[in-house]
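Participant: OK, Swiss-Prot features for this one:
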type	residues	note
BINDING	Lys46, Gly53, Arg54, Gly55, Glu98, Thr101, Glu106	ATP binding site
BINDING	Asn195, Asp209	Mg(2+) binding site
BINDING	Asn260, Gly317, Ile318, Leu319	substrate binding site
DOMAIN	9-240	domain 'ATP-grasp'
Amino acid sequence: MKLHEHQAKEIFAKYGIPVPEGKVAFSLKEAKEVAEELGEFPLVVKAQIHCGGRGKAGGVKIVKDMDELEKAVESLLGKVLKTFQCPDGKPVNRVLIEKATNIDKEYYLAITLDRSKSKPVIMASAAGGMEIEEIVKENPEAIIIETIDPELGLMPYQARELAFKLNLPVKEFASIALKLYQIYSDLDASLVEINPLVLTKEGNLIALDAKLDIDDNALFRHKDLEEMEDETQLPQLEVEAKKYGLNYIKLNGNIGCMVNGAGLAMATMDIIKLAGGEPANFLDVGGGANVEQIANAFRILMADPDVKAVFINIFGGILRVDRLAQGLIEASKMVELRVPIVARLEGTNVEEGKRMLQESGLNFIIAEDMWDGAKKAVEIANKQS
């Protein structure tokens, strides 16, 4: 789950990480009130969306007076902001108004999980700001990476070593780095990022931007954070799927996937790619896969206009395949299936399950195995496109 910049900065401030003075506004009236409260110009107006690249897309504006502030806010609120990271755009429903910072140099600082090591890492660079992606592509060595022992946490000597390498005030930088790790640990974050961390001309370090992503699997421990989620930033199909209790993530392909089990769902997407296709989603219906759950999954898949074919990949372990087939038949009668359905079934009573689907009179195409199913789904999707 992603938080907005202003939400992340509020958390940073509680932990003692310096952030610019500012406040969020949901309307022009509120923006003017915030400007008056801050009491001086120049101010910075920042669109709040769950996407990077705002600066290059005109989502961050420096204003010198109230007239410029009004124009900036009106140009952002209620609009869709498209960035290179989000070409389809995200709606801007709030803006952050902050005091401008006297920047001397920009840096990068983040903590995330290195899945190859199964350990968190802290990453820092003397090259921060809007160009960080390009800099890392051209010169990966520009990023300094330190592995963190999860049993010990980020050690003070590691934070000091980073400060020395970046030629930054040691005490101040180490304090920020250690507090950033505390946030990462306390909130079960998957990513905490400051880009840029700026050194001001007065010699202070300030988190000019803030990014905080929370592990969805840990949200049961953080109900206060879960309530902060802005669903307007999510694909509406994901919001709908969440109501049904489905694990669904929208992707950019044209082959809808319905699978039981997260591991099999990942393998299904891989084999679709291997067959030359593009998955339209990740969708794990869970181990139960009852009629209602399957019907809801069909509703989500059929609501996606990009979907040209559906690949159902089910392994019946505890769940008998004949019962699952009956569930598929009943669910398909509840939802209009506008595209062909390729089904690969395996497990207990699989032959009976296949026979039931073939005799149902519905638009099911039976696959012999995963590879056969993936090839059939790709072929159908290409014909439908």
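Cβ coordinates come from backbone N, Cα and C, glycine included.
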Participant: Roughly how many Å separate the Cα of Asn260 (substrate binding site) from that of Glu98 (ATP binding site), to the nearest whole number?
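Facilitator: Here the two Cα atoms lie 47 Å apart.
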Participant: Which has the fewest other Cβ atoms within 10 Å: Lys46, Arg54, the binding-site residues listed?
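Facilitator: Counting other Cβ atoms within 10 Å of each of the binding-site residues Lys46, Arg54 gives the minimum at Arg54.
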Participant: What is the interatomic distance between the Cα atoms of Gly317 (substrate binding site) and Glu98 (ATP binding site), given in whole Å?
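Facilitator: On Cα coordinates alone, these residues lie 56 Å apart.
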Participant: With every protein chain in view, what's the tally of Cβ atoms within 10 Å of the Cβ of Gly55 (ATP binding site), excluding that atom itself?
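Facilitator: By my count, 16.
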Participant: So, three-state DSSP: helix, strand or coil for Lys46 (ATP binding site)?
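Facilitator: Assignment for Lys46 (ATP binding site) reads strand.
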Participant: Fill in the CA-CA distance, Lys46 (ATP binding site) to Leu319 (substrate binding site), as an integer in Å.
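Facilitator: With distance taken Cα to Cα, Leu319 (substrate binding site) is 51 Å from Lys46 (ATP binding site).
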Participant: How far apart, in Å, are the two Cα atoms that lie farthest from each other among Lys46, Gly53, Arg54, Gly55, Glu98, Thr101, Glu106, the residues recorded as binding ATP?
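Facilitator: Of all Cα pairs among the recorded ATP binders, the widest measures 19 Å.
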Participant: Between Asn195 (Mg(2+) binding site) and Glu106 (ATP binding site), find the distance joining the two CA atoms and give it rounded to the nearest Å.
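Facilitator: Computed Cα spacing between Asn195 (Mg(2+) binding site) and Glu106 (ATP binding site) is 8 Å.
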Participant: Expressed to the nearest Å, what is the distance separating Gly55 (ATP binding site) and Asp209 (Mg(2+) binding site) at their Cα atoms?
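Facilitator: Cα to Cα, Gly55 (ATP binding site) and Asp209 (Mg(2+) binding site) are separated by 11 Å.
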Participant: Counting other CB atoms within 10 A of each CB, which of the binding-site residues Thr101, Asn195, Asn260 comes out lowest?
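Facilitator: Each of the binding-site residues Thr101, Asn195, Asn260 was scored by Cβ atoms within 10 Å; lowest is Thr101.
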